Amino acid sequence: MPTSAAVQTDDSLASPFDWPGRPHAAPGFARLGERFLTRLPPVPMPAAPYLVGFSPEAAAPLGLSRAGLDTPAGLDVFVGNAIAAWSDPLATVYSGHQFGVWAGQLGDGRALLLAELQTADGPCEVQLKGAGLTPYSRMGDGRAVLRSSIREFLCSEAMAGLGIPTTRALCVIGADAPVRRETIETAAVVTRLAPSFVRFGHFEHFAANEKLPELRALADFVIDRFYPACRAEPQPYLALLREVGRRTAALIAQWQAVGFCHGVMNTDNMSILGLTLDYGPFGFLDGFDANHICNHSDTGGRYAYAQQPQIAYWNLFCLAQALLPLCGSDPTAFTDLSDEAQAQPAIDAAQEALLVYRDTYGEAFYARYRAKLGLTQAHDGDEALFGDLFKLLHTQRADYTLFFRHLADVRRDDTPAQAQARTVRDVFFDRDSADAWLAAYRQRLQTEPAPDAARAEAMRRVNPKYVLRNHLAEIAIRRAGEKDFSEVENLRAVLARPFDDHPGFEHYAGPAPDWAASLEVSCSS
C-alpha cells in the first residue's frame, strides 16, 4: 500500500499518531488504481480542532478509545491537519442521477478515504467528510459544517442502535473556521466508517463513459470482497444485481418500519452493500404523514416517505442499466448493447433479476409490521388491518413512534374501562376512530398464541422508545455552538440503546414541541 508520502510534496503533514492494537491497514478500494480515484492530502483546518462527539460503539472494532483519539495528534489526523503513516488518503470518482436527472460526473467532493483497516468484523474503511477540496468538488468548498456533521454523527449511531444497516460515525471534530452556506457556519469533520463506500453511482460512472474494463474490475472487486457466493453462479453479475436488490429491499423495509425518511435518495447516495449512506436532510416521522417530505429542497416530493420503496427500485433499475454490458449470455465477454440480438437477452435477464426486490420488500415489509403489532402468525385479514391503521395514523397525524411504543400496553381482554385508560389513545385527537381500530386489533390478538406479557416484551424490542427527532438534534446543535457538547453525548448514548428505558432522559421520548414544526433541513450542508 502506498504511504502518505505518495500524496505529499513534503513531510509537513506527516504524523506519528497511532494507537495500541490498531487493526492492520491493507489496500482495499485503492488497489483498483488511478482510474477510480485520486490520491491527495486533506486540506488542513485554519483553526484549532476540538472533539465534539465520539462513539465508543463505532470505535470498539478499531480498538480506539476516546482518550486515545482526543489528543493533539489524534485530533490533527481526524480533522485533516496531518497524515498518519497507516493512512493513504484518496477521493473516488462516481456519477449518478440526482432527483431523477442524470448529473454526470460527481465523486467525493469533500470526503477522503484515509485507510482500510482489517478488523475482527471484516474490512473497515475510514473516511473523513469535510476534509477539503478534491478534484471532484465541482462548485463546493470541500468543507462540512458543524450542524450537518452532528446530525450525521447522531443519526449514523441511532440507526445502528435500531439495528438498521448503516455507515457508522466514529467522531465529529469541530474547528472555529468560518464556512459559508446560507449563513456563515462553523467547520467540522465527521469520520465515517463502513466496509465499503461503493455506491450505485460508481458503476454508473464507468458504464456511462463506456469504460467497460473498469466496470468489470469494479464489479469483480465488489463480488470478491462482499458477495463471494455470486462468483459460483453461472451469471455472477446478474447474481450481484439480485443480491444488491435483496439487501436494498430489506433496508427500505426497515426504514419504513421506523419512520425514517432519507431525503435525498439519489443513485450516488445508494450503497452497493445495502447500507444507509449519506445523512443529509433526513428525518424521522413525528406525526404520521405518508406524504411527508423531510428535505426542504425536494419541492416535488420525489423522496417523500411513501415514495421511498419505489425510488429504491428506480435506483436499482439505474444500477441494472449500468451492469447490462456484463449481463449477456457470456459473462466473460462484454455485451454489445447496440446489437439487439445481444442486448435484449441481457435486458430481460436484468429485469428478471430485479424481481427479487419486489418480492423481498413485500415479505420484509409485512414481517416488520407484524412484529411491530406483536403478531407472530400471518392471517388473511392482516393487510386490511394494516391498511386501516395507516389510514387512521395518516388522517389523525398520530405520533408514529409513540403509537407503536404504547401499543404494547394493550391487552386482548381489556375491559371497557381498561381500554379507555390505555395511553395509546392519547396520540389521537379522534379517539372514537382509534377505539374502533383498537377493538379490531384486540380481536386479532385473540388468535395469537403468546401471552400478553410476552407479546408486549417482544413489541418493545422492535418498537423504539427513542428516535432522533429533528428537534432533539437541533437542541444538541445549538448547545454545541456554545461549546456545550453534553447534549450530543447524552443523545448519542440514549440512541445507542433506543429500545431501553433511560431514567432521567424521558424527555427525549416525548412528542415534538410546537416550535419544531418550523424546522427545515435541506441539501445545503
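Placed from the backbone N, Cα and C atoms, the Cβ positions cover glycine too.
Neighbour density for D278 (ATP binding site): within 10 A of its CB lie 23 other CB atoms from the protein chains shown. Here Swiss-Prot flags G107, G109, R110, K129, D141, G142, R192, R199, D278 as ATP binding site.
The active site, proton acceptor annotation in Swiss-Prot covers D268. Secondary structure at D268 (active site, proton acceptor), as computed by DSSP, is helix.
According to Swiss-Prot, the Mg(2+) binding site annotation covers N269, D278, on the basis of sequence analysis.
Between the alpha carbons (Cα) of N269 (Mg(2+) binding site) and D141 (ATP binding site) lies a span of roughly 19 Å. The Cβ of R192 (ATP binding site) has 26 other Cβ atoms within 10 Å, all protein chains considered. Within 10 Å of the C-beta of N269 (Mg(2+) binding site) we count 21 further C-beta atoms, all protein chains included. All protein chains considered, the CB of G107 (ATP binding site) has 22 other CB atoms within 10 Å. In sequence order, Y94, S95, G96, H97, Q98, A103, L106, R199, F200, G201, E204 make up the list of same-chain residues 6 or more apart from D268 (active site, proton acceptor) whose Cβ falls under 8 Å from its Cβ.
Note on the binding-site residues R110, D141: the fewest other CB atoms within 10 A surround the CB of D141.
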